[in-house]
Amino acid sequence: MATEQLNVLKALDVAKTQLYHFKAVVIAGMGFFTDAYDLFCIALVTKLLGRIYYTDPALNEPGHLPANVSAAVNGVALCGTLAGQLFFGWLGDKLGRKSVYGFTLILMVLCSIASGLSFGHEAKGVMGTLCFFRFWLGFGVGGDYPLSATIMSEYANKKTRGTFIAAVFAMQGFGILFGTIVTIIVSSAFRHAFPAPPFYIDAAASIGPEADYVWRIIVMFGTIPAALTYYWRMKMPETARYTALIAGNTKQATSDMSKVLNKEISEEDVQGERATGDTWGLFSRQFMKRHGVHLLATTSTWFLLDVAFYSQNLFQKDIFTKIGWIPPAKTMNALEELYRIARAQALIALCGTVPGYWFTVAFIDIIGRFWIQLMGFTMMTIFMLAIAIPYDYLVKPGHHTGFVVLYGLTFFFANFGPNSTTFIVPAEIFPARLRSTCHGISAATGKAGAIIGAFGFLYASQDQKKPETGYSRGIGMRNALFVLAGTNFLGLLFSLLVPESKGKSLEELSKENVGDDGIEA
């Protein structure tokens, strides 16, 4: 049965950009700001955690997290995120986008605080509770993906919808940058307040008891921006597309959007009866016929992107250490090493990560989703090969600048490319009653790739002859970079299945205005 597009949805599609659109971007975007902070701040402090809890003064090198602990600390939040994306994506279609939107934020705030308050001062207790709470932190973060994307896509007009969804996601870049800035400030403050000698002079004194406060403050600091937006999340009305197309209450949808748009919208009562014509589900023949290829496209490209993206993001510190951009750990005290790691990652975020996101915001509704994603995967493949092929040359002293520039460019084109578009497209091309679910499935598949990247890259990049203590031999950093280049190329190929959604209404894209007989209403 075909569904005629309702007047309230037509009004949303052609509405002029106004204050409420920007307010929605800020409300949803601050969630993503917090998401990125929470997910990536752990990469900044893992070296410090190793020093605090695993240093043996009898050995001639600073402590580091054992292989299994490092993998758990880095990967457990991603496992929680995957579960949260599936659960809250499904729940968002069952109970409504707004109904569960506030709960995800509360979960993130509470678990972020609990992570920083991980019990005790012994390695086993601290790491165990840290991993437990970071799993549930990730669970809340996971809910933000499908809900924020769906809410923004359903509020926006069709002309600038991509720009607004991209702007929400671009707050992730500021979250990553903010994490490095907080780390730089906190580590600098403690470094100057509590001076400590380098490890090679005094192993025990190089850590200092105050260092245990540093990582806890950094981990908990991300709760502040999230908590500030809770009130506004609760004040947002449910999206008109959920209220009208799923709940079948056209009158309420019209009333809500009339207030939002400051405009009277007329709606015929009979249209509310036609709003719920099609009832086929996710596993139906009709869904597979209309959207099966679309779901394959969004899941495969997000999976392949996150294998590469999270490998690079979570293990920047290891890459920078191996190329010699950060001095050997034993020449620094614990907080000096943390400061240098944060400073290096801040430079990458400022020059590559953040600009990439905002280039997408600027050009997504001009160039289109398809071409930006294709270009991004292409350039990521090229720059990854440009690092891997002359890797032995680039890691030599004096050549680090070339490595860092090429490395930064891969981040730029990840964000001015598939890292943004894989988030945007699933929020546009699926029907309203399955939109949040399908976005959650796509995002969860991406996080499966991130988990492979987080666990796999750590082991795969180990030296073939002299792996780090506690690790088995890997294929080496150079070969691991070749694998990531191949992953990006596969992402390029699967991107050919992604439909272009620029300038079309959500009902046109999802074919909700087309009956099973193929006739448009």
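Cβ atoms are placed via backbone N, Cα and C, with glycine included.
As annotated by TrEMBL, transmembrane segment applies to 20-45 (among others).
Sequence annotations record features per position, and here TrEMBL assigns domain 'Major facilitator superfamily (MFS) profile' to 24-503.
The feature transmembrane segment is assigned by TrEMBL to 65-88 (among others).
If you look up TrEMBL, you'll see 100-119 (among others) marked as transmembrane segment.
Taken from TrEMBL, the feature transmembrane segment applies to 164-190 (among others). Residues 21, 24-25, 28-30, 32-37, 40-41, 44-45, 148-149, 152-153, 155-156, 210-211, 213-214, 217-218, 221-222, 313, 335, 338-339, 341-343, 345-346, 349-350, 353-354, 356-358, 360-361, 364, 415, 420, 423-424, 427-428 of the same chain sit 6 or more residues outside the transmembrane segment (164-190) yet have a Cβ under 8 Å from a Cβ within it.
TrEMBL lists 213-232 (among others) with the feature transmembrane segment.
TrEMBL lists 346-364 (among others) with the feature transmembrane segment. Remote same-chain partners of the transmembrane segment (346-364), defined as residues 6 or more beyond its termini with a Cβ less than 8 Å from a stretch Cβ, comprise 162-163, 166-167, 169-170, 172-174, 176-177, 180-181, 184, 316, 372, 404, 407-417, 419-421, 424, 502.
Sequence-distant contacts of the transmembrane segment (370-391) (same chain, at least 6 residues past either end, Cβ-Cβ under 8 Å): 301, 305, 308, 360, 363-364, 403, 406-407, 409-410, 413-414, 416-422, 425, 477-479, 481-482, 484-485, 488-489, 491-492, 495-496, 498-500. According to TrEMBL, the transmembrane segment annotation covers 370-391 (among others).
Sequence-distant neighbours of the transmembrane segment (403-427) (same chain, 6+ residues past either end, Cβ-Cβ under 8 Å): 145-146, 149-150, 152-153, 162, 165-166, 169-170, 173, 297-298, 301-302, 305, 308-309, 312, 319, 323, 325, 347-349, 351-357, 359-360, 363-364, 369, 372-373, 375-377, 379-380, 383-384, 386-387, 394-395, 435, 438-439, 442-443, 446, 491, 495, 498-499, 501. The transmembrane segment annotation in TrEMBL covers 403-427 (among others).
If you look up TrEMBL, you'll see 439-460 (among others) marked as transmembrane segment.
The annotation transmembrane segment is assigned in TrEMBL to 480-498 (among others). Here the transmembrane segment (480-498) has Cβ contacts under 8 Å with residues 293-294, 296-298, 300-301, 304-305, 307-308, 311-312, 369-370, 373-374, 377-378, 380-381, 384-385, 387-388, 391, 418, 421, 425, 457, 460-461, 474 of the same chain, all six or more residues outside its ends.
Here the transmembrane segment (65-88) has Cβ contacts under 8 Å with residues 38-39, 42-43, 46, 49-50, 54, 100, 104, 123, 127, 130-131, 134-143, 145-147, 310, 314, 436, 440-441, 443-444, 447-448, 450-451, 454-455, 458-459, 470-471 of the same chain, all six or more residues outside its ends. Over the domain 'Major facilitator superfamily (MFS) profile' (24-503), the average per-residue pLDDT in this prediction is 86.
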